[in-house]
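Some notes on the structure that comes next.
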Amino acid sequence: MHILGIDPGLQITGFGVVDMDGPHLRYVASGTIKTTHLDTKDLPGRLKVLFDGVREVVQRYQPEVASVEIVFVNVNPQATLLLGQARGACITALVSSDLAVAEYTALQMKKAVAGYGKAGKAEVQQMVMRLLKLPSLPGKDAADALGLAITHAHVGTAMARLALASEAGGKMDGNYRAGRSR
């Protein structure tokens, strides 16, 4: 299953694609979508670049699901609003491509990838490189996006299995119910 991670940003949006085959993860691609070539006052133009860029990534790599970082209020409310609009353009591109979208906080991603929620950017980059056996460090934005894809591979698929078990009356693969083996 191909999982697309998106780290939204108005100037630079990171993307990362991993393939999950059972418990194994394999790097597929990563990169950035940049709007820095546009005038900072051209917000609609920047949002269109993000929308089109995310759609292009989806068409190229054909993911089955996407994982996007949740944005929280920063010290600067204007920056938070702009980031929220960038995030909205990315999510709109994903859902218009008929993708399910999972959302995770930066803390959840850092905890899933590095083992604790206060990990710095460099630690996330190092762990992404190790987990995906990359030959070199990915860029910060791409590393965060890959981290979001990894987070969904670990957390999201486990949550989906629990939901399916709940719908099936608490049974998981017919071997377990309420935590006890039968």
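Numbering starts at 1 and runs along the chain as it is shown here.
Every residue, even glycine, has its Cβ placed from backbone N, Cα and C.
What Swiss-Prot says about this one:
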ACT_SITE  ASP7  active site
ACT_SITE  GLU69  active site
ACT_SITE  ASP141  active site
BINDING   ASP7, ASP141  Mg(2+) 1 binding site
BINDING   GLU69  Mg(2+) 2 binding site
Residue pair ASP7 (active site), ASP141 (active site) - Cα distance, angstrom, rounded:
6
Inside 10 Å of the Cβ of ASP141 (active site), count up the other Cβ atoms and send me the figure.
24
Who sits close to GLU69 (active site): which same-chain residues at least 6 apart have their Cβ under 8 Å from its Cβ?
ILE6, ASP7, PRO8, ARG87, GLU103, TYR104, THR105, ALA106, MET109, ASP144, LEU148
DSSP-derived class (H/G/I helix, E/B strand, else coil) of GLU69 (active site):
strand
